[in-house]
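Here's what TrEMBL has on this protein:
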| type | residues | note |
| --- | --- | --- |
| BINDING | Cys119, His127, Cys143, Cys146 | Zn(2+) binding site |
| DOMAIN | 143-164 | domain 'C2H2-type' |
| REGION | 48-70 | region 'Disordered' |
Amino acid sequence: MIARQLASVALRQPAFAARAAAVSRTAAAAAPAFTSVRALSSSAAMRSSAPPVIQGEGSKEGEVPTDEDQATGLERYELLGRLDGVDVFNLKPLDASRVGTVKEPIKVQSLFPSRIVGCTGSPAGAHDTIWLHLNTELKHHRCPECGSVYELDFIGDEHDDHHH
């Protein structure tokens with residue numbers, strides 16, 4: 001295709017003909033010698049360590065799809081968990097009946113190496129919400145307002161974030 005375009009320009013501009021011929025020869029030499037094309041997406045899917053795709057079968061023709069029919073990914077994971085009566089993201093409030101201490105901290109489970117929690121004191125609502133960034137680098141995290149101690153209980157896979 002490039003050769004045809006260069007040839008049409010060369011007919012209109014004779015000085016351009018020599019350069020067009022050289023470029024045409026270079027383009028032909030650089031062209032790959034094979035004719036088959038390999039689908040890279042199929043080989044990447046076979047070697048990927050990414051989590052499996054969670055998707056439903058979809059709705060039947062002529063029906064309006066429900067959330068269960070068309071949800072994918074984390075939304076589908078949450079919907080399937082609700083059907084089984086499981087809070088998959090563990091969104092229940094933390095224990096606010098006591099103040100966490102260094103010997104007995106309030107443990108916060110997480111599938112990730114970091115998590116943000118809000119401390120409202122003990123009893124709950126004793127002070128404004130103080131947001132704490134818990135991570136695996138520090139063993140204990142202390143609320144600057146009430147002194148309650150929190151500890152991240154990392155239950156996830158250590159190398160889970162390297163699936164790309």
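The backbone N, Cα and C atoms fix where each Cβ goes, glycine too.
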Residue among the binding-site residues Cys119, Cys143, Cys146 whose Cβ has the most other Cβ atoms within 10 Å: Cys119
Stretch-averaged pLDDT - the domain 'C2H2-type' (143-164): 81
Three-state secondary structure, which DSSP defines for Cys119 (Zn(2+) binding site): strand
Cβ packing number for His127 (Zn(2+) binding site), 10 Å threshold: 12
